[in-house]
Each structure stands twice: as C-alpha cells, then as structure tokens.
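As given in TrEMBL:
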| type | residues | note |
| --- | --- | --- |
| DOMAIN | B:14-136 | domain 'Urocanase N-terminal' |
| BINDING | B:51-52, B:GLN129, B:175-177, B:GLU195, B:ARG200, B:241-242, B:266-270, B:276-277, B:TYR325, B:GLY495 | NAD(+) binding site |
| DOMAIN | B:139-350 | domain 'Urocanase Rossmann-like' |
| DOMAIN | B:354-548 | domain 'Urocanase C-terminal' |
| ACT_SITE | B:CYS413 | active site |
2 protein chains.
Amino acid sequence: MTSRHNLRDIFPPTGSTLSARNWQSEAALRMLMNNLHPDVAENPHELVVYGGIGRAARSWEDFDRIVAALRALEADETLLVQSGRPVGVFRTHEDAPRVLIANSNLVPHWATWEHFHELDRKGLMMYGQMTAGSWIYIGTQGIVQGTYETFAEVGRQRYGGDLTGRWVLTAGLGGMGGAQPLAAVMAGASCLAVECDESRIDARLRTRYLDEKAQTLDEALALIARWTAAGEARSVGLLGNAAEIVPEILARMRAGGPRPDIVTDQTSAHDPLNGYLPAGWSLGDWRARTESDPAAVMKAARAAMRAHVEAMVGFHDAGVPTLDYGNNIRQMALEEGFGRAFAFPGFVPACIRPLFCRGIGPFRWVALSGDPEDIRKTDAKMKELFPDNAHLHRWLDMAAERIAFQGLPARICWIGLGERHLAGLAFNEMVRRGELAAPVVIGRDHLDSGSVASPNRETEAMKDGSDAVSDWPLLNALLNTASGATWVSLHHGGGVGMGFSQHAGMVICCDGSAAADRRLARVLWNDPATGVMRHADAGYEEALACARTHALTLPAIPAP
Amino acid sequence: MTSRHNLRDIFPPTGSTLSARNWQSEAALRMLMNNLHPDVAENPHELVVYGGIGRAARSWEDFDRIVAALRALEADETLLVQSGRPVGVFRTHEDAPRVLIANSNLVPHWATWEHFHELDRKGLMMYGQMTAGSWIYIGTQGIVQGTYETFAEVGRQRYGGDLTGRWVLTAGLGGMGGAQPLAAVMAGASCLAVECDESRIDARLRTRYLDEKAQTLDEALALIARWTAAGEARSVGLLGNAAEIVPEILARMRAGGPRPDIVTDQTSAHDPLNGYLPAGWSLGDWRARTESDPAAVMKAARAAMRAHVEAMVGFHDAGVPTLDYGNNIRQMALEEGFGRAFAFPGFVPACIRPLFCRGIGPFRWVALSGDPEDIRKTDAKMKELFPDNAHLHRWLDMAAERIAFQGLPARICWIGLGERHLAGLAFNEMVRRGELAAPVVIGRDHLDSGSVASPNRETEAMKDGSDAVSDWPLLNALLNTASGATWVSLHHGGGVGMGFSQHAGMVICCDGSAAADRRLARVLWNDPATGVMRHADAGYEEALACARTHALTLPAIPAP
Ligand SMILES: NC(=O)c1ccc[n+]([C@@H]2O[C@H](COP(=O)([O-])OP(=O)(O)OC[C@H]3O[C@@H](n4cnc5c(N)ncnc54)[C@H](O)[C@@H]3O)[C@@H](O)[C@H]2O)c1
Ligand SMILES: NC(=O)c1ccc[n+]([C@@H]2O[C@H](COP(=O)([O-])OP(=O)(O)OC[C@H]3O[C@@H](n4cnc5c(N)ncnc54)[C@H](O)[C@@H]3O)[C@@H](O)[C@H]2O)c1
C-alpha cells in the first residue's frame, strides 16, 4: 500500500529560477506544493488541504511522482492526474493545458460515501474537494470575500445595510470556515464561532482571522454583549460542540437570552465520517473511531447534525436570518428524518446568484515569486484598471490591511465577465516588463458562476428547475481545455459530499509571453461567459442583460 | 414548448462542395444530419436515432439552430451543445475542437430516469445515448463487428472455435440489436431473434441483416432445426414478446425440446419507460400509455424483464452460455427483487476486455462524399496498411459483401493502439491526393477501451474493483479536446440508462491538410492509449505489456 503519513514539510520553490522546463509546468508544481505548505494546508502531513479530507495528491508516492513528471514535462506534453495520481503523459501541443485532472468522479449509482471510502481504502481514489486536488487553494483568504459578500448582502436585505451592533452565530473554524469571523468583522458585525478543535481556534488567532478565544458559552456571550453594545465588530471562537451549543443558545434566546442576527454553519457536515464531531464525543475518541468503527461515527455524526439543524430551523422560525453556508448539513438532517431541514435557504439563491448571473465569482491570483510585493503591485494595478469600482477598492484596501498571506502570496477578488481578461492581460504585461519578480497564476474556486452543478448549494432553486443538470460544468471544463488554460480539473462531491455536486476548475499562467496573452484573452473571457450563458439559459434577467451587453453568441436564446 | 414531431426528412449534403465555412464544421453538420437520415435513424421524425430515445438534437428548433450555428462557425470558433441544444459559440483556436457536447449529465444523487423524464418534459434535457447525441452513429453496422467478435469468442471459449450447426437465442431487432442475426451468421451460427415490433423485423429483412420472418414459435423453431441440421447459418425474426417467448423456450428445453447454444438479449431494457414491451400488452397500448400513464408502463415493463431474466438464468443454470449484452436487464431484474439476476456475466468481462487492454475497440469512419467508392478504397487501404492481420482482412471481406450501407457510406473495424493513427494518416493522405471524393471522418463508439465507466457493462468486474471510477472517461474527453479532435462529447446513462454509466466520444475529420495530419497523429494515438493506460492501471497483464510495447509514459506504473 502507498502511504498517506509523512513528516516532510513541503515548501514551493520561490523566486524567478525554474525547477521545471517552463513556467507552465513550474506553475503547476509550485501550486501543488503551495497547497501542502504548512501555513496553507489543514493537515499537510496527510496531504489534506482543507474541507474534511480534501487532498492535493493521493499518496506521498503519488506526490513525488507528480513532481517528477512536472519537472520532466515538455512544453507540448500534457500530464493526466486521476484522483491524485499521475497516470499518463501524452503529446498534445503548446496551446493545450499542461495538466488535466479528474478527481473523485464516480458513476452516479455508486456515487456514495460508502463506495468512495471502499475505493479510498483500496488506494484507488482520493477526495479532491474543490481547490485541494486542483491546486488552487490559497488558504482561508480564498473564502473571505465570498463570506464577506454574503454577510454584507444579508445586512442589505435585512438590516438596512448596517450590521453595526449585530452578531453572527456560526460554527467551524477550519480551512474555509476560519474565514467567517474576519468576514463578519469586515462586514461590520461581531461573530461567535463554535469550534471543537482548540488547535483550529489557535490557528485563526495566530493569523488574525479571529480576535478572542472562550472556553465557556457564558464567557463568549459576555464578550458578544460587550462588543455589540459598544458598536464594535470583533470575534470570538468558543471551544465546544456546535450540536450541543447551538441548541443551547436557541433555548436561552427563547427564554429571553441574547438573539443572534445571522445564523449559519461551516463545519464539514458534507463528510459524515471525517467532518463533524458527534455530540458528547471527545476529539480523541472521534479520530480513533473513524478508523476502527466508521459506521458508528457516521451514525452519531448524522444524529448530531440533525439536532444542529433543528436548532437552526428554530432560529429561522424566530425570524433570525439563517443560511446554509454550503456544507450540505440540511441534506444530512433530511436523511436523518427531519422533514423541515430545508426550511431555511442556502446562501447562493439568497445572496450570490445575482453575481453569478454576471459571471462574477471568486477570481484569484498567486505570485509564484513568493514576494508579497508582487501582490501589492497587482492590487494597485487592479485599482488602476477599474478606477470606478468603489466596492472593489474597498475590498482591496481591507484585504491588504487585514489578510495575512499563507504560503505563496495571493489575492482573491470577485470580478466577472469583461473584467477578468483585462486583469489577466495586465498581469501578463507586468510579467513581460519585469515589473513582477516572477510569473503569476490566475484561477478561481470551482464554486463559480459557470463551473458547478450542486443542487443543494450553487444551483439550488434555479429558476427553470435545472439544478441537477451537470452538462454545464462539463462544458466549462471542455471549453477551458479548448481555450488553453494551463490546468483544468473535473471533480465530483466537492463542498456538499459524494453524490451531490459536479464541478470544474481552471488555472492559467501569466508567463509574460505573447502566447500567454492569446490564451488569457480566450480563457478569462470564455470561462466567466459560460456562467452568464448558463444563467441566461435558465432565464435570469440579469444574465440575459449581461449576455447582451457583452454580445455573447447564445444560439438558443432568441434576440430580445 | 419546442417541438419533437416533424415530418421533414433529413438528408446530409454529399459531394465535395462545402455548405459550411470549412470541412471541420461541414463534417459535424453532415454527421448530425446523417444520424437523422431516414435509412439510419430508428425514428427520425422524433429525432430518435437508436437505443430507446437516443436523440441527435433536443428539438427540431434546436436541430435548426445547430445547423445554422455550424454553417456560420469560423475555423477558430467552438460551438457548445448542451443536451442537444446549441448554447454558445466561443472563440478558441484552430487546433481546438469545433464542437463540444455534453448530453444527459445529471448530478449523481438526481441521476434517475424519474428526474430525467421530469427535465425532459420541461424541455431541459435530452437522452444522448452513446453515438446518437454525439453524431457518429453509422446505422446497425456500428455494432455488427462487436457482436460478431463476441459470438466468435464464445465459440472459441465453449465450442472449440466452431459454431457450425449451433444457434443463438436473443431478442430485440432495433438499431443495434438488429445486428445480431447478421453477426451470428457471420460467426457461423444460426439465430432466432424475438422482436415485438413487426416493422423492425421487416427493416432488418430489407437490409439483409435478417433472413426470415416467423409468426409463431413453432414455425421459428422448425426453421432453426432445419438449418442447424444442415449446418447452415441463417437467421429468423420471430414476432412476439421476449418476456413470454424466452421462458416458453426454456420450458420446452426442460421438457426435452431444442436447446440454444448461446443466449443473450438486446431489447432496450435500459429504458423501462420506452424500451421494453410489458408482457401481455399490445404495441399500440404501450405507445399510448408511455404518454398517459408512465408509472404503470414502467412497473409492467420491469416485471416482464424479471421474468425474462429468470428464464435467462434458467439457461445459464442448464449450462448454456448466457450473456448480458449491455442493456442493463440484469439490474432491472435485481431491482425487481430477483436476487440471482447477476448469475450470468456481461459480455465485456466474458469476451471483450482483452481487446480493450490493447486499445482495440469499435473504430469507424464515414465517407462525407456519400460515395460508396470511397469506402471501397479505404477498405483496400486498410488491407494494405495491415497486410498480416488475417482477422481484419476476413472481417473487411465479409463486411464488404454482407453489409448494406445506411446513409453516408461507412465502415467499422476493430483496431487498437498503434494502428488507429496509421489509418487516420493514410486516409488524410488519400484526401490530400484527391484519391477520395471528399474528406472522411473517423470516430468510435463511446463503448471503447478508455472512454467509458459502466459497472454493469464495459467496466464490470474490473480486476482492481475500480468499476465505478469515472475519472477515466472524463480524462479521455479532456485529452481528446487538448489533442484537437474535431468534436468531443461527454454523456451519461448511455447503454445502461440513467445512473449507470458515464462515457466520452470523439470524432476527427481528415480534411487532407497538414494540420489535420498533426491532429490525427495525436488524437488517434492518445485516445486508444488512454484505454491501455486505464487497463494497465487496473493491473491487466495484456495492458501492461501493450503499454511497454508502445513505450507509453505511465508515471504511476513501476518499470517491470
Ligand atoms: N460556502 C462556501 O463557499 C464554501 C466553500 C468551501 C467550503 N465550504 C464547506 O464548508 C465546510 C467547511 O469547510 P472547511 O474547509 O472549513 O473544512 P475543515 O474540515 O477544514 O473544517 C471544519 C471544521 O469544523 C470543525 N467541527 C467539526 N465538527 C464540529 C462540531 N460538531 N462542532 C464544532 N466544530 C466542529 C472541525 O474541527 C473543523 O475545524 C465544508 O463542508 C465545505 O465543503 C463552503
Ligand atoms: N452491447 C453493446 O455493444 C450495445 C451497443 C449499443 C446498445 N446496446 C444496448 O442494447 C439495447 C438495444 O439497443 P438498440 O439500439 O437496438 O435499441 P432500440 O430501442 O432501437 O431497439 C430495441 C428493440 O427491442 C424491441 N423490444 C422491446 N421490448 C421487447 C420485448 N419485450 N420483446 C421483444 N422485443 C422487444 C423493440 O421493439 C426494439 O425493436 C439497448 O439497451 C442498448 O443500450 C448495447
């Protein structure tokens, strides 16, 4: 058997010297390694990047083989990666991707955690999550802006655009969930986040995503009371189990205690084996029994999730804006027999879809140089490119001030069709002119406008009922491949777990060349355009308008 | 609502004059139209090509839009087709595919016939089968050789390589199943095929795939008795319901009556609504009630399939070689509560996998000229290219003699890695030199070595247990896109129905250009190589040896 445990620490090469044969394969190499950087990955020694067991490679042997293959890869070759294992190198051409990735895909009838775990145990599979197995995870920053946009949107919808003196109740301070306290604070609210693993709380304190730690509920609520009274936006991580504490807060609220202003959750509920601590269990017990008695763990975790969701529905019933934040916890509770699990909405239809209609989503870039100065310069370039976008300027200022880089310096920034390719071409120009210390890569989350089918999350409640149609992400991956992205990925089960999603990723390298200009112009236009196309096809007015503005050719949509 | 009924007859353009801007989009256009040619499609007025409701376009409006989009498509543009509807045209480059297709894909948890039908009724989906929605169906010939190879292999395994005086019992004379009598006869056996729709029997008589028609079982068995006694290989189509007749033949055999030598089936059991006539129902009833009472149809069809499979297991128990021929009928019987449904094997593990290990599968080409002479010349070229392959020569001779062309003249011919690209380059050379009247396209079935995950069929009983891993077909589609195939498709549910398969297609045009040479060399090498890779990864010795012979770079496979 191949191994998943190793004490090596992985750091990507930095600077402007190649360790592979060209910048395209060097980019893939550095981004794979960056995903496993000790400051980036949640559990790098087991190859886990984030999101439960989202891995960057299937085993350490496979990691080494991928690295060796990337170092040897020619400019007209393509490496195939199958669930974290490098399975073939083929002759293609210079405008083709250097790496093509398929992770965790299962024929639907067998697309369950049970079958996945069986294959995983045999060494035949790996869970790729979204950006873990596709090498474009950038640490917790990757989700900060999305979470910030979501909280801010709830503020607009429900609190007149002002979250001062208000607080968010949530749980989970993992790789993604750890963004919640910072995002809340950026949006102007305080935050109480329940987390059962103290080391996760400490990690968020260290990176300044979180302000305080509490050991008891009373302590945490006292802090919240103080901050909200003072109109300060600050955050506290409470050590405990959400399945116990969230119902307790509901009970106190019903008895006249403090009332949260927004309720959500970001435990790894999508993964009932590895992602959610059962009520009443210790962490040690949990870890031990995931190996020795997985069935018992899943049973207990699902029961605890039901209690958690029941409490969330309690808040919803009491009029507190309550959102599923994309971890599929409602589905788990539904399967546990709680018929009202879907009483509260997911965050995409509630807050994000209007952005998707314009191809706006979690665009991001990474300085392969390792030099934070490169991000400072690209931040400035973005402001220069989009002088009138006040929202973007505000975000970039907050991010520069509050966000600690993890691993290779990176920036996230939600922009859409008509903007992304301008950023890409401008960055490539900066590389060409030597203004940046080395090339940059541009990518995005799989959670994006045109790249995902996930009926409990990104495609929940589509206007035409096409939530489960996954032709769209497949076309997105094929088109990005045809357009010349540097690597392209197709995954199953990200975010919401096995059976519940299919999604695609893409990353493209700005190496400063004229060929890269042509590829960037195509890829960074076509990729968000598929999102506009998908939403226009579903009948969204914003998307139809956006398609007209940008003169997209959509043959099945009649001219207005 | 868009329309699915139309009395237009579609004929592809023929000859050497373009109706689109270049031969790549012309090829897609002619092949789409050829799929709906009255001699090719099973029910062209409803856009149905074959295999239950496998369609070429979602509606007639979509057909017209695809044609218009293909006519307008530039040499550096790519058309996206989503479940039979043209949804976008994007700028790519000349080495990229001209069309990218995703048909019938559903997020696994929703990947059922019930959900599909709901979407289909709303006009949001289309069933693409394998080569219907991907425009490379070539009529019944497309399956003749595969069926022939299968019967011949059973002959080798069980009857010392000689099927003289033996007979095959089967059912279904549809688009694919209609190949069975001819394939049996070519392999040296007689054949009794039960078919409930007389027009299908008549169609097979007309094209000489079938020799005789019988109205009663006695009549049919008398013919079989006469032929087998005389050592003649001939075929009879018996009008009737397999769910009634197959059990009846079993009962007679048990009572000392005639014993078939091979039993199989090719009704469209994968589609319980449209594909299998319930026992005791008339055809008219059936067609009417699929619209008015689909639930009742499916219930009755599933019950009938169970009876049919019980009889097949009866033959298997009696020592008669019995095969599932890829229509998922065992799964249906299993779901109906028949625990022994999988007692007999599928045809792939039983007969075809050793071929897949060498990248051998249903390679095919089509003369876009419409001129049968072009196929005669390419047949001769194949013999010239592979002078020592006696099996291939024998096949080509039989095919030339026995197979009536349907629509554009075409040839199927099972060849593998190391052979396919030679054929492609040779044909392209013939086009360049003007030896052929117009370009040809080369493609294959989705049922091929590296392009499908289908645990009840192509990937049944894989050596390493990876039957349900669908990373492989996704990588195949991405790699064919990166290599420059002319069109690439990703489908779900072909052959075995919703939930049970994922698979990829590719077609490439030999337009005689030097650029096509480069693309052909890449695509027709890489495509079968992914099949060798997939089987080598699963541990098959034949595949490992083939990978070594052809010096494939498979990073995770240790040198021997
Ligand atoms: N909405 C989005 O944009 C988005 C994006 C990415 C991920 N997600 C989803 O959010 C979830 C979290 O992702 P992540 O990367 O942070 O995962 P993670 O596994 O890194 O973190 C989950 C955290 O939850 C904690 N936890 C588990 N059970 C708990 C319990 N009962 N009480 C309190 N804490 C508990 C764990 O200790 C861990 O720190 C996943 O389901 C993921 O799929 C959503
Ligand atoms: N093994 C392979 O290589 C392969 C390839 C393609 C298709 N298939 C599968 O084979 C099946 C048939 O494909 P097709 O294209 O011929 O489909 P089709 O729908 O064109 O033909 C099916 C035929 O079965 C007949 N039929 C239905 N119920 C019957 C009954 N109870 N008794 C007798 N006849 C009955 C129908 O009248 C029809 O003629 C499908 O399930 C398909 O997926 C297998």
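Glycine is no exception: its Cβ is also placed from the backbone N, Cα and C atoms.
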Summary of DSSP states over the domain 'Urocanase N-terminal' (B:14-136), given as helix, strand and coil counts: 41 helix, 25 strand, 57 coil
Other CB atoms within 10 A, centred on B:TYR276 (NAD(+) binding site): 32
Separation of alpha carbons, the residue listed as 'active site' and B:GLU195 (NAD(+) binding site) (Å): 27
Neighbourhood of ligand 2 - recorded positions from B:GLY51, B:GLY175, B:TYR276, B:CYS413, B:GLY495 with Cβ under 6 Å: B:GLY51, B:GLY175, B:TYR276, B:GLY495
Rounded Cα separation (Å) that holds between B:SER268 (NAD(+) binding site) and B:CYS413 (active site): 24
Cα proximity to B:CYS413 (active site), best match among binding-site residues B:GLY51, B:GLY175, B:ALA242, B:TYR276: B:GLY175
Assigned conformation of B:GLU195 (NAD(+) binding site) - DSSP reduced to three states: strand
Mean predicted confidence [pLDDT] for the domain 'Urocanase Rossmann-like' (B:139-350): 96
Which of B:ALA242, B:CYS413, all recorded positions, has a Cβ with the fewest other Cβ atoms inside 10 Å: B:CYS413
Residues satisfying Cβ distance under 8 Å from B:GLY51 (NAD(+) binding site), sequence separation of at least 6: B:GLN129, B:MET130, B:ALA132, B:GLY174, B:GLY175, B:MET176, B:SER268, B:HIS270, B:ASP271, B:GLY494, B:GLY495
Binding-site residues listed as B:GLY175, B:GLY495, least Cβ neighbours within 10 Å: B:GLY495
